[in-house]
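Below is one structure, written out as structure tokens, with a few remarks after it.
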Amino acid sequence: VSNILKKTEADWTEEDVAMLQQSEGVVQELKLRKKKRETIKRKLEEVFDDPDELKLKVKQLATAIRKAKHLVVYTGAGISTAASIPDYRGPNGVWTLLQKGRSVSVSDLSEAEPTLTHMCIMKLHENKLVEHVVSQNCDGLHLRSGLPRSALSELHGNMYIEVCTGCSPAREGIRLFDVTERTGLHRHGTGRRCHKCGGELRDTIVHFGERGTLEQPLNWKGAAEAAEKADLILCLGSSLKVLKKYSCLWCMNRAPSKRPELYIVNLQWTPKDDLAVLKIHGKCDDVLKLLMEELNIEIPAYDKSKDPIFSLSTPLRPDEENSHSRKLIVAPEGLEVHPQEVEHESGGASVSGGWFGRGYSKGRKKKR
């Protein structure tokens, strides 16, 4: 039946017609499957607003931001593509290429630097227009842009941070290299040990199928509190296919009319499009550049000498110098690095993520 339907009706033989008439149920099922495939294909297509429409939509967004009392920004992989970091579901995204059976190129993330969008978000926070940023990205670029950690929730971790969960409170170290060299799904040991308790240091990455329970850098408490106060949510470069599962980020316990207004900037379809006040089809850098012009705010350039990662970093001990082979982020010549070690207080009950795997809770020891 499938082969017959691939032909044009003019090419059907009498036997073909008889077969289709006898197999009405199969015909309907095949047509339904075809329709679903076409819908999926359409949702993966990138759509661009024409320049005039884009400017008009950005004006609407700027007006909404001026009126907002508590704006929260949700960011995804689409804000980092300008830094040569691949996204997941775009035409050349990681998942897209893997589904097509193609190999995924390995990029050196240590070469990546905050994009125009990262710097705009930092400046909007500095100007008290953005209250909090909730990011799915693990690339650490929000932190490196100068955005304060108190205003940032990195829900899926940060590739530069490793922690000792044996210490109480958790002892954290920020490195100048990617600490995930030896880690993976349900395998988070980095190969280094805590110099205080001797416990194994772990990365902070939350893989698909895991449940993140670390207070920092995930900062679920900050994300949930920001969402609760939000009157406007701006989603930048996220397909929202993962974020939509976190009900606390969308105030789903409220009546629809009392939820925050939603604005989305993404080239592809998202599952929240129908709920958005405005959907902008454009690249994040292009949209944010127009937005900053509308708000009359100058966009700061990334200055490596002011990158907070150098002052926040924890140096390796002599016996750890050969514990990794990843490339270091090199400080600009003449910059004095004053490293420190950070300990975070738990600060009350944490809010759990939405992936119900074992993750960190599997091996975490309970403290009396």
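Cβ atoms are placed via backbone N, Cα and C, with glycine included.
Any TrEMBL annotation is an automated prediction that lacks curation.
Annotated domain 'Rhodanese' per TrEMBL: 50-118, in sequence order.
Per TrEMBL, the feature domain 'Deacetylase sirtuin-type' maps to 51-298.
Neighbour count (other Cβ atoms within 10 Å of the Cβ, all protein chains): 21 for His156 (active site, proton acceptor). The active site, proton acceptor feature in TrEMBL is assigned to His156.
Positions annotated as Zn(2+) binding site by TrEMBL: Cys164, Cys167, Cys194, Cys197.
What TrEMBL records for 334-368 is region 'Disordered'.
Per TrEMBL, compositional bias 'Basic and acidic residues' is recorded for 335-346.
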Checklist entry - Taking the mean position of the Cβ atoms of Cys164, Cys167, Cys194, Cys197 as the Zn(2+) site, which residues outside that list, in the same chain, have a Cβ no more than 8 Å away, listed in sequence order? => result Thr165, Gly166, Arg171, His195, Lys196, Gly198, Gly199, Leu201
Checklist entry - To which of the binding-site residues Cys164, Cys167, Cys194, Cys197 does the lowest count of other Cβ atoms within 10 Å belong? => result Cys197
